[in-house]
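**Q** Input: one structure, supplied below.
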Amino acid sequence: MGTAAGLLLAALLLAGTSWAQREVNIQQGPLYRAEGSQISIWCNVRGYQGPSEQNFLWSIYLPSAPEKEIQMVGTSDPSFSYAIYSQRVRSGDIYVERVSGDHALLHIRQLQEQDAGEYECHTPNTDPTYHGSYSAKMNLHVIPDTLTVSSPAQTLQKVEGGSLQVTCEVSQNSSQHTHLSVSWLRISGGEEHEIISLTQNLSVRAGPTYAQKHSVGDVRMDKLGDSTFRLTLYNLHPSDQGEIHCVGTEWIQDPDGTWFPLTQKRSEGTSVTVQPTDKEFNVRLETERRTYGAGDMASLRCIIDAQNPAERLFAVSWAFNSSLIASQSPGGVPSLTGEYAKREDRGEVRVGKDSDIVFSLKIFHLRPEDSGKYNCRVTERERGPSGELIDRESKRPKNIPISVLPLRTSLTVTVTANSSSVLEGVRLSLTCSVASLAGPQSRISASWHLQDKQGRQREVVRQDRDGVTWAGEQYRERLGTGELRLIRSGSDTFSLELEGSQRTDTGSYECRVAEWVPATDGEWQLLGERSAQANVDIMALETGFAVTAITRTPGVSYFDSFDLQCILKPHYPPWVGVSVTWRFQPAGGGDTHDLVTFSRAGGVQWGERAGSFRGRSVVEKGDSTHTVKLSVSRASDSEAGKYQCVAELWRWEYRGTWTQLAERASNLLEIRVQRPVPRLQVSKVTRTLSVVEGSQVTLSCSIRSQTGPDSRFAVLWFMRQPSGADGKLIVRSNTGMEYGTYAEEASLKGRLQLEVTAPGHYTLTLQGAHADDSGSYYCQVEEWAMDPNQAWYRLAEEASGMTEIRVRVPDANLQLDQIPRNVSALEGQSFTVTCHVLNRTLPDSRLSLEWLSWWAGHMERRALVRLTVDGVTILGSVEEENVAPGLPSRMQVSQPSLGLYALTLRGTEVQDTGTYSCLVQEWLQDPRGQWYKRTEERSGATYVSVRQPDPALQLDSSLLNVSLMEGGHFDLDCVVSSRSRPDSQLAISWSLQGASRGAEQETLLNVDRSGVWAPMAPRWEGRLQQLQLSPTLFRLHVPRVGQGDSGNYTCLVQEWLQGPRGNWYLLAQDESLIGWIRVQSKESNLQSTICANDALFYLVFFYPFPIFGILIITILLVRFRHRPTSKPGEGKNGVPLLWIKEPHLNYSPTCLEPPVLSIHPGTID
């Protein structure tokens, strides 16, 4: 038990570490809130599974019924709320705000007294299993609102510089520990400003706009008594006027330590007006004009309109585009920032105070970047109680925009090129002309830029205003070697020269010229820039480079001559090198190889595979140096093929090296060298020969004409079978005799004979024709001649007409019985199927026979047994799946008579059911003594049905109705009235359907066909006994019965039969209801038994009374009649009297027999 508990605890710990646990959290309580205020309670869930958006259900448990849940509001079902809250939910007084998928807030806008209670937040389960917490609770207390805030409404008129006092009554009467905070507010122009506050922590805090005044003591707050608070303002200013309110707030500390405002109230306002003294002032900003040129001077004046300016303190700040550039103290001391401080040092900018009311900003040398908006801000300052300056009021006028126009140049630039299209390698020259300079003091700088065809731009070369020249990164090497030059002619011309122009020099050339003038600070100022462009295209040397090959004699005969010409275009200057190579590809195929090459220096070099071309070819170069001719004599097949001219273009570099620019290949010239026209003719006569196997066949081949008297001939004999597309070589005759592959395959070597009966007449004789020799035969003649290279070549070939040979075999005449039959057999018996050969092709032919079957449930055919032509019996492949083992031993093949074959199968099984037939093959002997299959035929099908015995199991259906007392016993009989076969075996199963309603059927006892009992339920263990009184009678004895044994008892019998292979299978089963058994308790056994049975009732309560009465009367009469003469205690003749000692009732345990009343002898006292 301890081990099991440990394993269970370990499993729970493992599950806890591997499964996520849902956890619901709610805001910590208890919380105290005032009646009429609003509240928000948060709730979240974590560790859940399922969708990311969880639902939240809020309920309340009222103090009056702490166990009763009242549904308030939820996120999933609008009808979740109970009637007491549904109206407030619909009106929006109570609602749930979803912060995220697993976080929500419950809002109650106006708390009521009945809202106090225990709040529960519940999240419905979305996990596969229940694991963790699904709800959390907190308490809310709603307390009365006892806060009071009051201040008399009044209107006060004050003068600037005066003082002000206002009082306010703030009190509370709460049963909880709360704190009060008091704030004074001023409302002016719709805006609310905090003056001063006493926080719940009893600290004083001034508002942002009154922090300065509070620091100097002009604002203070005093507490008079328990609930009176007084505000005092000194040194009033017009900005202090407005409506002043007192705000009281009651605070309570929540369990998490934070302070929460229970309630807040505001008093009526006190209207305050502060009459200002005459201290107003205005500001103006002036300038002479708003548009200037670069280098001009601009002056801006900031003018103050005020009373007694000499006695007042004004500070001025200057701004450009809203950025501070300078400031002046009331004493006129300037302070400039950033770049303007540097310009002040150089004397370009000055800030001054012209008078008490005029402040100026002067810029002596304007720049274009000085364009923008200028402004000044005037701030009046006053001295505080401690002597420090305090900003009183600040004003600024409207912005003044100033535009500074830059100086413009009047340059004009033009670019010209020596040519818009330049051949690669030729010098490129461009000229940039400049006109209309600003004056003698101005200087110019120039730069050349190139934009290629891809739109990429790069700098070529540059010369600054001092005449210093440098090249771009990609042109520095060419500048150093002198290929790149920038030449300035006078003061207005810049020439760009590029020696050995390259393809990359193609593009748009831009000349950029900048004009500079001296600035006031000694530097040079850019006055303007102009540019012009010119497009230059550098034509590659290979542009238009082409090679063409021509010939006048594309076709020649043996021993003729032919010429080939290679033409180059265009004409190039001498410094351009050209090399030419003739290439050749033989007509018979193979790789193209070089024949001869003219180098750019004029040398001639033959290729390694030139071969015979050297002895019969002449190479010439034309006077124009652009034509190369190749002449070939004594043409043969070796010179037939495709010729091609390949030219290479080279350029001499300034470094002293050659660079290959291009390679061009000409068109292909095919030279055909023709052989003599053949005049070979072979006889085309066609014949058809039909012979019988073993006969001799003679074929002939005749040449009618030939090309020349010196021709030689080779004769090839072919055979083409009807199913073949191409002929197969049999034999070849030339100077000797060569057998083809077909002669080997068809064993023709020993049966062939070749003869030349006359010049041009050839014969082929075939001895002992076979059936396989059938087909079409023909000869093919090859004519051979000698070429110019003294080599024999095949000049022509021609085939003769077809001779069709048909070698006959006897016609097939095999016939079998095709009548279908049906055979039926019981399992374990045998059946026989027959195969009858009605006719055959030849009497001496041989037969082979194969028995086939198609068993039920199997689509494929199976071969059972085969009888060869030699009479050998061979078993078929019957080891397939689901085939009964031992099948070969059960089969027997016999031949009862000539042409009749039989297959007998013993010990049949149901699996043997199927279709049976025989397949017969007829074999004949050919001339070579070999047996070959002539034909085959399949007999008609015989359907065999193997069936099991018909089931005949039946049980007796007599029913019993028995009542008996608790503790008794009863017997049940299961009678088999009929069975299928005497040798079958029976299995018995007893079951009980209990008397209680809904009880399931219970198996009491299972006894298999061998008499082995199956394990029983614990309550039946040792109580049941089964007896087999006969082969068909089974009795179940049940002792010590109880009330739980009441119900319907059923007997189930299974009949098992042994199959041919010794295996037992279930043939039939039958179930019978035996009867109803009622078991009664002992407490009410006599009364209930008698009352439940009519026979017992009359036997006990009716029949005994008259019987007892008659017996008593008879005994008394006899006793009194014989008393004087008899002995005491004796009857007549000394026999003792009978006395009724006690009547006995014997009850049958099964209550099937009426009780028996018996009288026992006794003594009379």
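A Cβ is built for glycine as well, from the same backbone N, Cα and C atoms used for every other residue.
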**Q** With reference to Swiss-Prot, specify which of the listed residues Cys302, Cys511 is paired with Cys432 by a disulfide.
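**A** Disulfide pairing in Swiss-Prot: Cys432 with Cys511.
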**Q** Identify which of Cys835, Cys1051 is listed by Swiss-Prot as the disulfide partner of Cys918.
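**A** That would be Cys835, the partner Swiss-Prot lists for Cys918.
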**Q** Just confirming the record: what cysteine out of Cys121, Cys168 does Swiss-Prot connect to Cys246 via a disulfide?
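**A** The record-listed partner cysteine is Cys168.
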**Q** If you have Swiss-Prot open, could you say which of Cys645, Cys779 makes the disulfide with Cys701?
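**A** It is Cys779, per the disulfide annotation in Swiss-Prot.
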**Q** Of the residues Cys1051, Cys1091, which one does Swiss-Prot pair with Cys974 through a disulfide?
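**A** The record-listed partner cysteine is Cys1051.
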**Q** Which residue in the list Cys376, Cys566 does Swiss-Prot annotate as forming a disulfide bond with Cys645?
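**A** In Swiss-Prot, Cys645 forms its recorded disulfide with Cys566.
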**Q** Whole-number Å distance between the CA of Cys918 (disulfide bond) and the CA of Cys779 (disulfide bond)?
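**A** Cys779 (disulfide bond) has its Cα 48 Å from the Cα of Cys918 (disulfide bond).
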**Q** Are there any residues in the same chain, six or more apart in sequence, whose C-beta is under 8 angstroms from the C-beta of Cys246 (disulfide bond), and if so which?
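**A** Same-chain residues close to Cys246 (disulfide bond) (Cβ under 8 Å, separated by 6 or more) are Val149, Ser151, Val166, Cys168, Val170, Val182, Ser183, Trp184, Leu185, Phe229, Leu231, Arg266, Ser267.
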**Q** How does the domain 'Ig-like C2-type 1' (22-139) divide up by DSSP, counting helix, then strand, then coil residues?
**A** 14 helix, 52 strand, 52 coil
**Q** Output, ordered by sequence, the same-chain residues six or more apart from Cys974 (disulfide bond) with a CB under 8 Å from its CB, or 'none'.
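**A** Listed in sequence order: Leu955, Asp956, Ile988, Trp990, Leu1033, Phe1034, Arg1035, Leu1036, Cys1051, Val1053, Ser1072, Ile1074.
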**Q** Would you identify the secondary structure of Cys835 (disulfide bond) according to DSSP, in three states?
**A** strand
**Q** Please compare the disulfide-bonded residues Cys376, Cys511 by how many other CB atoms fall within 10 Å of each one's CB, and tell me which has the fewest.
**A** Cys511
**Q** Just to confirm: which same-chain residues, 6+ apart in sequence, have a Cβ under 8 Å from the Cβ of Cys779 (disulfide bond)?
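**A** Once residues fewer than 6 apart are set aside, Cys779 (disulfide bond) is near Val682, Leu699, Cys701, Val715, Leu716, Trp717, Phe718, Tyr762, Leu764, Ala799, Ser800.
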**Q** Nearest to Cys835 (disulfide bond) by Cα, among Cys43, Cys121, Cys645 (disulfide-bonded residues)?
**A** Cys645
**Q** In whole Å, how far is Cys43 (disulfide bond) from Cys566 (disulfide bond) when you measure between their Cα atoms?
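**A** Checking the Cα atoms of Cys566 (disulfide bond) and Cys43 (disulfide bond) gives a distance of 98 Å.
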